[in-house]
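Taken from TrEMBL as is:
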BINDING   ARG13, ARG67, THR102, LYS164, ARG267, ALA268, ARG269  GTP binding site
BINDING   CYS20, CYS24, CYS27  [4Fe-4S] cluster 1 binding site
BINDING   TYR26, GLY71, SER126, MET198  S-adenosyl-L-methionine binding site
BINDING   CYS262, CYS265, CYS279  [4Fe-4S] cluster 2 binding site
DOMAIN    4-228  domain 'Radical SAM core'
Amino acid sequence: MIDQFQRPLHDLRISVTDRCNFRCVYCMPKEVFGKDFAFMERDELLSFEEMTRLARISVAHGVEKIRLTGGEPLLRKGIEELVAMLAELRTPAGRPIDIAMTTNGSVLALKAQALKDAGLKRVTVSLDSLDDATFRAMNDVKFPVSKVLNSLDVAHSAGLGPIKINMVLKRGQNDQDIVAMARHFKGTPYILRFIEFMDVGSSNGWEMADVVPSGEVVARINAELPLEEVAPNYNGETSRRWRYRDGEGEIGVISSVTQSFCHSCSRARVSTDGKLFTCLFATEGHDLRALMRGGSTDEQLAAVMTQIWRERTDRYSELRSAETGRLRASAKKRIEMSYIGG
Ligand code: SAM
Ligand code: SF4
Ligand code: SF4
């Protein structure tokens, strides 16, 4: 399956819940996602069977990698059952699927072994600071760093590696911790990745002034811990790799704002309620749940999904940089990351 810019469909991200126990300031700010916020009802969510059905069809059409995300995926009850169902899928060439998960790590220590046993290959854990006060302020529910660090160790021991760590940078909030994070994870089995704060959704009050460009991140680390660039692991890798010159591992930078990678974007996303989105910045998705619950056959679903991908022309980040001349979030109402899946 190839889209209008010759990009194949390779990755599927499934948002398994729109709920989260954190209120990260750049994702689900408390002022918007407060006590009165209407999260989805249970019957609105795709069931595990429905998710697996969409995954099976996608795998038959080229998907080789599935990432479970959210919201916080580990809040979805029985998530390991879904992992086990997905682990049975095979590509047309007979290979198993690469199944990964992005999690905030808050309950990962409790779930790591069950997830591994069910067939999960790897986890990516989000961690925005090692400084307890900074981290508590960023997750905005006073969650301590020590519990996430413990989860990392448990997940590593359970074999859920190589574990990547995502640090979203917001200027003035946690950029003072860049070198400390690099130093802490240098020489460990964990691969730290620095992510530019993106203008995804409409509620996080994004401004270009809040973005710490990856170029600056690399320069700040390089000044203290010398780095050299490494070739990507595969074509279309979103993260640019840099390794320490002394051989003690590598870091990654994900420059979604300053160096868009739309040209190689091979991801589709399924929201918690079963809408198919072909871009993180899309304003509308295609309702696959309605088709499934309305009695569509696998062939009919496959035809719809194939047609959507073939017509795909998304390249939001490229256009944002090119069109505005200077970077700023467009005024259009967009879908929240917690719903569409990061
Ligand atoms: N709750 C899980 C977690 O935090 O890992 C999974 C979902 S979260 C939406 C997925 C990833 O998106 C996390 O690494 C998070 O830090 C990142 N993210 C959320 N909002 C973002 C934003 N505005 N810009 C860049 N990354 C963001
Ligand atoms: Fe929750 Fe993840 Fe969003 Fe933070 S980034 S609020 S942990 S979904
Ligand atoms: Fe892919 Fe859209 Fe992000 Fe571009 S802006 S990399 S098309 S998700």
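Positions of Cβ are set from backbone N, Cα and C atoms, glycine also.
Because TrEMBL annotations are produced automatically, they should be read as predictions rather than curated entries.
Here the features listed in TrEMBL are painted onto the structure.
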residue : record                          : contacts (Cβ under 8 Å, 6+ apart)
CYS20   : [4Fe-4S] cluster 1 binding site : CYS27, MET28, PHE33, GLY70, GLY71, GLU72, LEU75, ASN104, SER338
CYS24   : [4Fe-4S] cluster 1 binding site : ASN104, SER126, ASP128, MET138, ASN139, ASP140, VAL168
ARG67   : GTP binding site                : ASP11, LEU12, ARG13, ILE14, ILE99, ALA100, MET101, THR102, GLY341
LYS164  : GTP binding site                : ARG122, THR124, VAL125, TYR190, ILE191, LEU192, ARG193, GLY252
CYS265  : [4Fe-4S] cluster 2 binding site : ARG7, GLY236, CYS279, ASP314, ARG315
ARG267  : GTP binding site                : HIS10, ASP11, LEU12, ARG13
ALA268  : GTP binding site                : LEU9, ASP11, LEU12, ARG13, SER58, VAL63, LEU276, PHE277, THR278, TRP309
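Close to the recorded [4Fe-4S] cluster 2 site, the chain also has ARG7, SER260, PHE261, ARG267, THR278, LEU280, ASP314, ARG315, TYR316, SER317, GLU318: residues not among CYS262, CYS265, CYS279 whose Cβ is within 8 Å of the site's Cβ mean position. Taking a Cβ cut-off of under 6 Å from any atom of ligand 3, the binding-site residues CYS262, CYS265, ALA268, CYS279 reduce to CYS262, CYS265, CYS279.
Proximity of the binding-site residues (TYR26, CYS27, THR102, MET198, ARG267) to ligand 1: a Cβ under 6 Å from the molecule is found for TYR26, CYS27, THR102, MET198.
For ligand 2, the binding-site residues lying close by, meaning a CB under 6 A from one of its atoms, are CYS24, GLY71; the full candidate list was CYS24, GLY71, LYS164. There are 23 other CB atoms within 10 A of the CB of TYR26 (S-adenosyl-L-methionine binding site), with all protein chains counted. For the binding-site residues given as CYS27, CYS279, the lowest number of other CB atoms within 10 Å of the residue's CB is seen at CYS279. On the 0 to 100 pLDDT scale, the domain 'Radical SAM core' (4-228) averages 97 in this prediction. The separation of CYS262 ([4Fe-4S] cluster 2 binding site) from MET198 (S-adenosyl-L-methionine binding site), Cα to Cα, is 14 Å.
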